[in-house]
Amino acid sequence: MHIGILSRNRRLYSTRRLVEAAEARGHTARVVDTLRCYMNIASHRPSIHYKGEEIEPFDAIVPRIGASVTFYGCAVLRQFEMMSTYVLNDSVSITRSRDKLRSLQLLSRKGLGLPVTGFAHSPDDIPDLITMVKGAPLVIKLLEGTQGIGVVLAETNQAAESVIQAFMGMKANIMVQEYIKEAKGADVRCLVIGDKVVAAMKRQAAEGEFRSNLHRGGTASVIRITPEERSTAIRAAKAMGLRIAGVDLLRSNHGPVIMEVNSSPGLQGIETATGKDIAGQIIEYIEKNASTPRKAPPKPKG
C-alpha cells in the first residue's frame, strides 16, 4: 500500500513512527505538508496539487492535523475523501471532536459520564453559572485551547467570577466545569483503534500543577483500566465517529468522566509508557480496512 501522512513536520515523533511502522510492514509512506496542498474545488475530477504537481494517488491517508490548522486541514482531507481515498479519521469527525462544546453535547446525548459543565454568554449570568457547576473550586476553559493552554483553576467563587469576566471581556468563548478533586491531578488516556482500547496510561500532573498534560511537565505510567473505563472510551470514540482516538478520562467518585476526545493523539507518551507498538497497530488497522471496499465511519447526528 501507498500511505500518505498529513503532517506539517516529518520530524515529529508520531509522524516518524507511522512512517517507520508502514515501511516495516512492507508499505511505502509519504509525509505531506497539509498547508502545501491546494486544489481546484470546482473541477469535475477531484484532485490535489502539492508543491507544483498533481499529487499521486494514495491507498490511505493518516491525518495528523494540528489544532491550529483544523479548518484548512479538514478542507484538504475532504478533497481526499472526494477522491475516494480511505482516510483513517474523516473530516467531519475531526471537526466534530475539535469543537469542545459540540463534542460534549454529543457525548451527553449518548449518556456518557461528563463533569458538570456550564456555558453562558452574558456577564449577568456569571453568579448562576458558578452555582450551576457546584461552585468553586472550578475549572474555566477556553474553547480554542489545546495542551492545557487556556485552562484555569479558580479556587474561590470570587476568583472564578473575576476570571470569567476577564475572558468574556476579551470576547473569548469559555466553558466552566466542576473540579474533580478526587482525581488528584491525574487523568487516564485511553488509545482507541477501531472498537478496542489498545493501550492506556495514567498522566500525573507535576507538583503544584493541576493540568496533567505531558506538555506541561506531567508524567506518564502504564495503568490497568476498569471495564467501565474501557467501555466509556470506546463509546466516546464511536460517538465522535473516530476510528482512532485518544480519550481522556478522570476517575471521579461517580465513575469515569470524559474530559476530551482527541482525533490526533500523540504516540510518544503512550508508546514510551506502555512499551507497545501503537504505530504498528494503526498501520495494521489500515491494512484490514483500506484494502476492502471503503466503509464510512459511523455518522452520529449533530
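Glycine residues also receive a Cβ, built from the backbone N, Cα and C atoms like all the rest.
What you are looking at is a predicted structure, and each value in this text was computed from that prediction instead of being measured.
Of all Cβ atoms in the shown protein chains, 22 besides its own fall within 10 Å of the Cβ of Lys141 (ATP binding site). DSSP assigns Lys141 (ATP binding site) to a strand segment in the three-state reduction. What Swiss-Prot records for Lys141, Glu178, Tyr179, Asp187, Arg211, Ser212, Asn213 is ATP binding site, and it gives sequence analysis as the kind of evidence.
According to its DSSP assignment, Asp248 (Mn(2+) 1 binding site) is in a strand. Annotated Mn(2+) 1 binding site per Swiss-Prot: Asp248, Glu260, in sequence order, evidence recorded as sequence analysis.
DSSP assigns Glu260 (Mn(2+) 1 binding site) to a strand. Taken from Swiss-Prot, the feature Mg(2+) 1 binding site covers Asp248, Glu260.
All chains included, 21 other C-beta atoms sit within 10 angstroms of the C-beta of Asn262 (Mg(2+) 2 binding site). Look at Swiss-Prot and you will find Glu260, Asn262 tagged as Mg(2+) 2 binding site.
Per Swiss-Prot, the feature Mn(2+) 2 binding site maps to Glu260, Asn262; the stated evidence is sequence analysis.
What Swiss-Prot records for 104-287 is domain 'ATP-grasp', and it gives sequence analysis as the kind of evidence. On the 0 to 100 pLDDT scale, the domain 'ATP-grasp' (104-287) averages 93 in the predicted structure.
Closest in space to Lys141 (ATP binding site), of the binding-site residues given as Asp248, Glu260, Asn262, is Glu260, taking the CA atom of each residue.
For Asp187 (ATP binding site), the number of other Cβ atoms no farther than 10 Å from its own Cβ, over all displayed protein chains, is 22. You'll find the Cα of Tyr179 (ATP binding site) roughly 15 Å from the Cα of Asp248 (Mn(2+) 1 binding site). Asp248 (Mn(2+) 1 binding site) is surrounded by 21 other CB atoms, counting those within 10 A of its CB over all protein chains shown. When the Cα of Asp187 (ATP binding site) is compared against those of the binding-site residues Asp248, Glu260, Asn262, the shortest separation belongs to Asp248. Secondary structure at Tyr179 (ATP binding site), taken from DSSP and collapsed to helix, strand or coil, is coil.
Of all the Cβ atoms in the protein chains shown, 20 others lie within 10 Å of the Cβ of Glu178 (ATP binding site).
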